[in-house]
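Engineer: The annotation domain 'tr-type G' is assigned in Swiss-Prot to 7-189. The GTP binding site feature in Swiss-Prot is assigned to Asp19, His20, Gly21, Lys22, Ser23, Thr24, Asn136, Lys137, Val138, Asp139.
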Amino acid sequence: MTDIPVARLRNFCIIAHIDHGKSTLADRLLQETGTVSSRDMQEQFLDNMDLERERGITIKLQAARMNYCASDGEQYVLNLIDTPGHVDFSYEVSRSLQACEGALLVVDASQGVEAQTLANVYLALENDLEIIPVLNKVDLPGADSERIKQEIESIIGLDTSTAIECSAKTGIGIPEILQSVVDRIPPPKDLLNDPTKALIFDSYYDSYRGVIVYFRVMTGSISRRDKILLMASRKSYELDEIGIMSPDQRKVEDLHAGEVGYLSASIKAVADARVGDTITLVDDSASEPLPGYTEAKPMVFCGLFPTDADQYPDLREALDKLQLSDAALKYEPETSSAMGFGFRCGFLGLLHMEIVQERLEREYDLDLIVTAPSVIYQVNMIGGETLLIDNPATLPDPQKRESIEEPYVRIEIYAPNEYNGTLMGLCQDRRGDFVDMKFITTDRVTLIYEIPLAEVVTDFFDHMKSRTKGYASMEYHLIGYRENDLVRLDVLINAERADPLTTIVHREKAYGVGRGLVEKLKELIPKQQFKIPLQASIGSRIIASESISALRKDVLAKCYGGDISRKKKLLKKQAKGKKRMKSMGKVDVPQEAFMAVLKLNQ
């Protein structure tokens with residue numbers, strides 16, 4: 001494909017908040033340039049997982065190459081790199097931005113600028129991208145283009161005099177967008193003669209060909225007969241094929257600086273071809289990789305257990321396969337007295353966790369029990385060593401540790417003014433430290449807080465949405481660890497510690513959480529033939545307790561009248577049996593009980 005000069009290449013991506021119409025806009029661009037015929041077109045063409053279409057979110061990055069005849073009569077090649085909009089996947093966004101020279105900033109003309117839009121715009125500005133503002137959904141009755149333009153100018157500082165108004169649904173403004181991509185986004189630098197470097201911005205697992213890597217050639221060129229070297233993992237591979245996505249894969253002989261394509265080289269696992277890694281040639285390798293590569297670090301952990309113990313090998317196989325296509329997923333085997341064998345898994349965030357869980361249940365037909373999510377705590381021991389704890393049940397005893405530090409995030413919430421008070425209340429309930437409050441426009445405000453990540457991962461998002469009728473949006477990033485007075489709260493069911501219910505909480509909140517937990521468990525655990533005590537404890541001190549009364553069979557039903565000693569004998573016999581059951585009986589804890597821990601509004 002080297003017949004197109006670099007000057008006529010354009011690489012761009014679309015930045016938007018969830019639901020602002022990014023995937024629909026991508027569909028229209030593909031249709032307008034004739035890349036996909038109207039017959040093959042389907043909604044959200046670039047979102048190919050069912051789950052993505054169903055939730056209406058983009059999870060994996062996609063790319064498409066379009067040929068476009070501009071107003072000057074020349075043929076241009078436009079590479080669209082689709083990005084996920086969700087905060088959990090911000091690392092993937094930053095990598096795809098590095099592969100572009102420009103971005104379309106899509107803002108919903110009825111809703112205005114939202115949190116994730118801003119987070120991604122700042123990433124784009126860091127990468128020196130040319131940003132073209134686009135107002136989408138102008139056909140809606142509630143659209144107010146002028147107000148939104150002012151909002152973009154005051155919040156982001158972009159000149160919106162040339163902003164394009166469009167409606168991806170009806171096709172208004174699509175030709176103007178394509179023309180402005182050609183006119184305003186700069187072509188890639190012409191670095192054909194430098195040593196080859198290519199940036200991996202996505203990879204996925206194909207069960208026939210192994211890992212398919214999507215990359216952008218930054219300098220030099222790659223041809224089908226080359227032997228490649230991945231610089232982070234130091235592994236080399238023979239190429240099987242390289243090609244372009246238009247949007248179906250088409251083989252080509254070579255790709256040069258500025259072009260975007262895919263390659264397959266019988267790579268076994270996605271972890272070998274990490275997003276952000278640099279591809280170079282074995283024979284003429286680059287001296288240093290492209291900047292910015294980091295390994296995805298999991299922030300949220302939870303236990304996954306099969307409801308049926310026989311499914312444990314299937315769960316292991318399913319996780320192995322998922323990890324081939326999801327390099328950010330980490331897991332290790334774990335056993336628990338209450339739940340049997342399972343895995344402790346690490347995720348980028350709550351959405352990532354839900355998606356993995358849903359894919360396991362849907363694609364691999366597993367029934368899972370998921371324990372409450374937790375974060376990584378840093379425990380400073382008395383001997384001076386530091387432990388990282390991701391499972392609350394493994395927290396060392398108080399006499400062995402000096403202090404516990406927990407991760408903090410800086411959270412920015414964008415919302416209409418009238419919800420200011422209720423949001424500040426929510427952040428204070430969650431142990432947040434107030435940092436700043438900015439009025440963006442006369443009726444919108446940004447609140448900035450520093451909050452422990454553990455308070456954000458459970459149900460902060462749901463509460464924020466319900467308190468603001470869905471109008472608020474948020475964005476957060478990790479800022480480091482801070483020491484706090486944290487304790488381990490254990491739950492004892494029938495005097496046995498239930499590991500999956502163990503949580504780490506702030507000492508001030510321990511009583512409330514413990515009280516709430518045992519009350520909730522009392523509602524959810526079915527009665528047994530014997531009395532079940534439920535207790536919440538910190539170390540050996542019980543701070544809250546409830547008990548589930550026994551189901552009682554009426555053993556006196558068949559005694560009509562008669563002597564009292566007969567009745568006493570039967571009651572004594574029953575009491576003896578109950579005592580034996582209590583010492584031997586096991587209590588089955590239903591899945592709802594574990595989920596109750598999540599729902600306990602901290």
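Placed from the backbone N, Cα and C atoms, the Cβ positions cover glycine too.
Relative to the rest of the structure, where do these features sit?
Structural biologist: Residue environment of Asn136 (GTP binding site) contains 29 other Cβ atoms, counted within 10 Å of its Cβ in all protein chains.
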Engineer: Let me know the DSSP-derived helix, strand or coil state of Val138 (GTP binding site), please.
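Structural biologist: DSSP assigns Val138 (GTP binding site) to coil.
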Engineer: Within 10 Å of each Cβ, count the other Cβ atoms and name the one among the binding-site residues Ser23, Val138 with the highest count.
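Structural biologist: Checking each of Ser23, Val138, the winner is Ser23.
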Engineer: Let me know the model's mean pLDDT on the domain 'tr-type G' (7-189).
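Structural biologist: For the domain 'tr-type G' (7-189), the model's average pLDDT rounds to 73.
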Engineer: Which of the three DSSP-derived classes (helix, strand, coil) applies to Ser23 (GTP binding site)?
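Structural biologist: Its secondary structure by DSSP: helix.
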